[in-house]
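Below you'll find the structure, written out as structure tokens, and then a few comments.
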Amino acid sequence: MENTLPYRHDSPAEKTEIPSKFIADLGQKLKRWGVESTGIQPIPVEERTDTQYHKLFFFWFTANVNILSFSAGALAPVFGLGLRDACLVILFFNLLCTAFPAYLSTWGPKLGLRQMVQARYSFGFHGVMLPCVMNLIGITGFCILNCILGGQTLSSVADGRLTWTVGIVVTAVISLLLSFCGYRVLGWYEKVAWLPVLIVFLVALGVNGSHLSLPQTVESPHAASVLSFGASIAGFVMSWSGMASDFATYFHPKVSSWRIFAYTYFGLLLPTVTLQCLGVACTITASSIPAWEQGLRDGNLGGKFGKFLTVLLALSVTGNIAVSMYAFCLNFQVFVPVLAAVPRYVFSLVVTAIVIPLAIVGSHRFNNTLANFLGLLGYWSGAFAAVMTIEHLIFRRHDPNNYNTEDWNSSSRLPIGAAALFAGLVAFGIAVICMDQVWFIGPVAKVTGDIGFEVAVVTAALLYAVTRALKVRKWGACMINARARGSIHPRP
């Protein structure tokens, strides 16, 4: 009798065990290497042990010490503003607008909830998908703009041997590696990456600072120009509101809220104001200095040392892109709740695949893209921040105990979100008729200039305060009647 082994037919379940086991083993190995897999799940109190609170300052500082902040300030001449007036707009708009993301970040240690998960307590489980979409668009847009800047700057160093496309890919891949690793690696990088970039700006300022002077003749600015440029500045800093607490959830819950506020506020304010003002000064001065004009045309970066500094400047955007990609992962899981079980780092690959081709396509229209994008983003960011701030201050009475964090993933126990959606949509709609953009000028803006951001913030705050109060009053009556009947609906 022939001695043969029987043929083994693998069942479908057995076939799926191999890739499932491989993925599980890979996930465990990445976790041992320090790669963060946690997504939008609440961070338990026992895991909120980080007491290096100064890291939060460097998260924001490094994310804004880059050439994108410089470029945002360089938009001032587009709006017809001189150096003095542009710097005043930059200073005062940032002083005001930075307070919103700084305040929202204080709830990260107290609740252990990511920013868009917190938003579920205002916008509802399903309603939060709208601000999530807007935030995802904003995050992706800033990643694209940063990749364009980084790629173009790297290309300028290589004397044409490195195309913009290759530079964009290099910038995106470096940022991907940082975002993929997560909070621990990202926190270390943000603590050190700002220093060489700051040195580059100081060297540039030291060498060329004598050329930066106030023009002799300065025309008085029009109110419309001031408000339109202010809307762009507001959009730049307010866009952080949708991810403000994402980087504070691992801190000890006993930390002072004022301390978290201060680290976030000054981490955003100092680099943003400084580099935006420097961008204004360099842009206005460049046209009057023949050597700068000639160097720009010839691609002359000042020898090997100048090229080295330019490479550092190009890579400065990776700190911003990495934190933005990190926030994208969390926002995507809130937008598609069934993906909450997927490891966070998977979505770093997703956003990179989205950003690279869009950055390549958009790299030839950077200035117009940046001006239009920042202005429009500021309207929605302002409305979102206003709703969240009113919810925290008035209806939750600035008390984390008024949040039941166990309800974070329960659509039946979270608010419906009608008041927040109504306030946000109406505020954004009114802002549209008050905005002044290249592709549309609202009827109100034709008279006043771009006041869309200011209108969005005030309208959203007032509407949400009123509609939410009416809802609470109505719900309170329902709760009394329900208790009388002996049945209480679970929705808060």
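Glycine is treated like the rest: Cβ placed from N, Cα and C.
Per TrEMBL, the features are as follows:
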- 57-79: transmembrane segment (TRANSMEM)
- 86-104: transmembrane segment (TRANSMEM)
- 124-150: transmembrane segment (TRANSMEM)
- 162-186: transmembrane segment (TRANSMEM)
- 192-212: transmembrane segment (TRANSMEM)
- 224-243: transmembrane segment (TRANSMEM)
- 263-287: transmembrane segment (TRANSMEM)
- 308-328: transmembrane segment (TRANSMEM)
- 334-361: transmembrane segment (TRANSMEM)
- 373-394: transmembrane segment (TRANSMEM)
- 414-435: transmembrane segment (TRANSMEM)
- 447-466: transmembrane segment (TRANSMEM)
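Using the rule of three or more Cβ pairs under 8 Å, pairs at least 6 apart in sequence, the transmembrane segment (373-394) is not in contact with the transmembrane segment (162-186). Taking residue pairs at least 6 apart in sequence, the transmembrane segment (447-466) and the transmembrane segment (57-79) share fewer than three C-beta contacts under 8 angstroms. Here the transmembrane segment (86-104) touches the transmembrane segment (263-287). Their Cβ atoms form 3 or more pairs under 8 Å, with each pair 6 or more residues apart. For the transmembrane segment (124-150), the partner stretch with the highest count of Cβ pairs under 8 angstroms, out of 162-186, 308-328, 414-435, 447-466, is 308-328.
Taking every listed stretch (162-186, 263-287, 414-435, 447-466) in turn, the largest tally of C-beta pairs under 8 A with the transmembrane segment (308-328) is reached by 162-186. Tertiary proximity for the transmembrane segment (263-287) is limited to same-chain residues at least six positions away from its ends with a CB under 8 Å from its CB atoms, namely 53-54, 56-61, 64-66, 69-74, 76-77, 81-83, 86-87, 90-91, 94-95, 98-99, 101-102, 105-106, 194, 201, 205, 208, 211-213, 215, 233, 236-237, 240, 244, 248, 293, 296.
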